[in-house]
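A.B. asks: One structure coming up, written as structure tokens, with questions to follow.
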Amino acid sequence: MSTHQQDMSLVTSTPPINNGNQIFPEIEMSGDSSSIVRATVVQACTIFYDTPATLDKAERLLAEAADNGSQLVVFPEAFIGGYPRGSSFELAIGARTAKGRDDFRKYLASAIDVPGPEVERMAEMARKYKVFLVMGVIEREGYTLYCSVLFFDSQGQFLGKHRKLMPTALERCIWGFGDGSTIPVFDTPIGKIGAAICWENRMPSLRTAMYAKGIEIYCAPTADARETWLASMTHIALEGGCFVLSANQFCRRKDYPPPPEYTFSGSEESLTPDSVVCAGGSSIISPLGIVLAGPNYEGEALISADLDLGDIARAKFDFDVVGHYSRPEVFSLNIKEHPRKAASFTSKVTKDETVKM
């Protein structure tokens, strides 16, 4: 592995290609060149509480990836809006504080509406740089937040979204729960693309639903930087016979507002401005379980690999989890895809009402 340091590190596999001032990966592929997709996972930090600046940063990173030939770019969990790592929102069972409520107010203000102007900006970015874009966001619907992933095609069309089904631990106090209506897999010219966020990748039923929809490029935006995460990503690639693209943020304490505006609960006193609070670990795995790029724990980076889509068929020959290796007469999964709403309204026309033309 080699790196080239500019604003970002472009992490490469060997042997490298020297492309001007950049270094980008070249991976030996046996398939037809038309079946090769160049993909990049972004490992970078949100500019916290500043969504416009974060969007500007996202565009710079997208432009750099596109300049190096990427057709698909995946950003980390909650890149737009921010992952509130270390923040407790001053919650305790049966008690909240004025500061905690105000922390939530500021976090809510950093979130985006879907659809909304920020979504339009991302769509334009995808169109401008001619890439498929998968972006982790904090989505605002009224006064409830969702950890979501947005999908855009290379023509600038917003394809749809996935909402995190099961927030983890204290995340459940600040994010709502997704439902079965937002577990999409999009059939695109570069493959069937979907996403699962962070620890919901550990949910076997969710993975099975995505396999049953034919996912080929499985995006896994995350906030888990532990070395054990790579084992989960490798298992999913092998289990699903799909490429897995996992993107995480790399953050230092100084990337977040200073205390008392933002406090890392329980560890603030031990942190320096340069302390790493999220170490990245982003990676790209093939359907055969081969680590094509990453994991990177060194800093902000663009981590890229060439995906030979022929490897999907090669892997499925060994194991097709919803095909020849399934046992539907023994196991079955029922997926409820309809939206779950708190209230629904039905208009009723009475016999006395007439329609005037």
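Any Cβ shown, glycine's included, is placed from N, Cα and C.
Found this in TrEMBL, in case it helps:
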- Glu77: active site, proton acceptor (ACT_SITE)
- 37-309: domain 'CN hydrolase' (DOMAIN)
A.B. asks: How does the model score the domain 'CN hydrolase' (37-309) in terms of mean pLDDT?
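C.D. replies: Taking every residue of the domain 'CN hydrolase' (37-309) together, the mean pLDDT is 95.
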A.B. asks: List, in sequence order, the same-chain residues at least six positions removed whose CB sits under 8 Å from that of Glu77 (active site, proton acceptor)?
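C.D. replies: Long-range Cβ contacts: Tyr83, Gly136, Cys147, Ile197, Cys198, Pro221, Thr222, Ala223, Ala247, Asn248, Gln249.
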